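A quick write-up on the structure given underneath.
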Amino acid sequence: MDRVYEIPEEPNVDPVSSLEEDVIRGANPRFTFPFSILFSTFLYCGEAASALYMVRIYRKNSETYWMTYTFSFFMFSSIMVQLTLIFVHRDLAKDKPLSLFMHLILLGPVIRCLEAMIKYLTLWKKEEQEEPYVSLTRKKMLIDGEEVLIEWEVGHSIRTLAMHRNAYKRMSQIQAFLGSVPQLTYQLYVSLISAEVPLGRVVLMVFSLVSVTYGATLCNMLAIQIKYDDYKIRLGPLEVLCITIWRTLEITSRLLILVLFSATLKLKAVPFLVLNFLIILFEPWIKFWRSGAQMPNNIEKNFSRVGTLVVLISVTILYAGINFSCWSALQLRLADRDLVDKGQNWGHMGLHYSVRLVENVIMVLVFKFFGVKVLLNYCHSLIALQLIIAYLISIGFMLLFFQYLHPLRSLFTHNVVDYLHCVCCHQHPRTRVENSEPPFETEARQSVV
């Protein structure tokens, strides 16, 4: 994963006197080539082109339903992508007719990518010149296990390029979970019931799978940045590899189980899937209603109450789309000022994976016992076992990341092992604990838990 600008690994130790605390003056940030912007644009264009090609093929073969669903998934995600980029860049308050026109014809990511490349080339040509407009940024860093506060200057051009990067990160998540996930699931379903896989559909499924994996990986990184906004965070290649393997196994196993379950029950599977999605969708709103809190008004200063409500609904739909296929790594709380729970909520993570594991086992058992006409030449028991094992392995990589590879794991009050130990402690009968431990030790253990 690239960064628009990065801080040297060993900042120049130049303490600056402050009334509150000592600050280390960091070296000026070095801007890097925005590979993530190019990659996100490539995924968007590739998936859009392959989806439109399959729409043309389905129309030529008079397969109306397949054509309609394929085109609908493409259009919905593309429109949401355009709205996301317009919202992040605040284009409605600016006079940019060309950008708005490109968004209107669903080519907004392309023009934004060109703008980012032009900005990068401008920075590259003026690398040795000092910018007249700069701002100071302060972040905490963990250096040799010690927390230090670092301050550095960020130029206006670098900040603009960083805004492009952040916009594309959010765009990639919108595309992944509101477009690529349903597209990939549906194309897998069509391939399963039609018993043929043309090259165009393979290309579309590959683009969708890469988009989903990339979006889920970004979801983890953005979750860490949101929870630890005061810290400068670095993820090394090993951490990114662990997250990628975890997310790939989790998403592929989950989607394959959904496809096999849907192919087995046909229309009978629709109520179960719709109910599952609606529970995730309305859960944050039910908690918000029960809390009795006011609707947050700090999302955008120029937004009316209706505009704020539209943004909250869009965020909730994205949150439900993420949790339907994988863990969102964040818990949405509409009653909070920041809209998310910034705590390390092990209980929410454990509940999500426990419920999803039970769901996957149930759907796999339905496929095993009732999927007579699905995959006639394959052993259903072996397929079911492999899918459950793949999902369990993804959980193992998730636990590995949080226990050993999380960049700020030293800030955890409790880690994965502590949480599992607490769960095991609660499973013991209380009478046995009371009889085997002195009162002082019992109170101490309960306080730790």
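Backbone N, Cα and C define each Cβ position, glycine as well.
Feature annotation from Swiss-Prot assigns transmembrane segment to 35-55 (among others). Sequence-distant contacts of the transmembrane segment (35-55) (same chain, six or more residues past either end, CB-CB distance under 8 Å): 1-2, 67, 70-71, 73-74, 78, 81, 106, 109-110, 112-113, 116-117, 164-165, 168-169, 171-172, 175, 179-180, 183, 187, 200-201, 203-204, 207-208, 210-211, 214.
Among the features that Swiss-Prot reports, transmembrane segment is placed at 68-88 (among others), with the record citing sequence analysis.
According to Swiss-Prot, the transmembrane segment annotation covers 98-118 (among others). Away from its own ends, the transmembrane segment (98-118) comes close to residues 34, 37-38, 40-41, 44-45, 48, 78-79, 81-82, 85-86, 89, 91, 161, 164-165, 167-168, 171 of its chain (Cβ-Cβ under 8 Å, at least six residues beyond either end).
Residues annotated as transmembrane segment in Swiss-Prot: 174-194 (among others). Sequence-remote contacts of a segment are chain residues at least 6 beyond its ends whose Cβ falls under 8 Å from one of its Cβ atoms, and for the transmembrane segment (174-194) they are 40, 43-44, 47, 51, 54, 66, 69-70, 73-74, 76-78, 80-81, 84, 201, 204-205, 207-209, 211-212, 214-216, 251, 255-256, 258-260, 262-263, 317-318, 321-322, 324-325, 374-375.
A Cβ distance under 8 Å defines the sequence-distant neighbours of the transmembrane segment (202-222), meaning residues of its chain 6+ beyond its ends; these are 1, 39-40, 43, 46-47, 50-51, 53-54, 169-170, 172-173, 175-177, 179-181, 183-184, 187-188, 191, 235, 240, 243-244, 247-248, 250-252, 322, 325-326, 328-329. Swiss-Prot lists 202-222 (among others) with the feature transmembrane segment.
Through the fold, the transmembrane segment (241-261) approaches residues 181, 184-185, 188-189, 192, 209, 212-213, 216-217, 220-221, 235, 269, 273, 325-327, 356, 360, 363-364, 366-367, 371, 374-375, 383, 387-388, 390-391, 393-395, 397-398, 400-401, 405 of its own chain, all at least 6 residues removed from its boundaries and within a Cβ separation under 8 Å. What Swiss-Prot lists as transmembrane segment is 241-261 (among others).
Residues or ranges marked as transmembrane segment by Swiss-Prot on the basis of sequence analysis: 269-289 (among others). Residues 258, 261-262, 316-317, 319-320, 323-324, 332-335, 359 of the same chain, all 6+ positions outside the transmembrane segment (269-289), place their C-beta atoms under 8 angstroms from a C-beta of that stretch.
Feature annotation from Swiss-Prot assigns transmembrane segment to 306-326 (among others); the stated evidence is sequence analysis.
Here Swiss-Prot flags 357-377 (among others) as transmembrane segment, drawing on sequence analysis.
According to Swiss-Prot, the feature transmembrane segment maps to 382-402 (among others).
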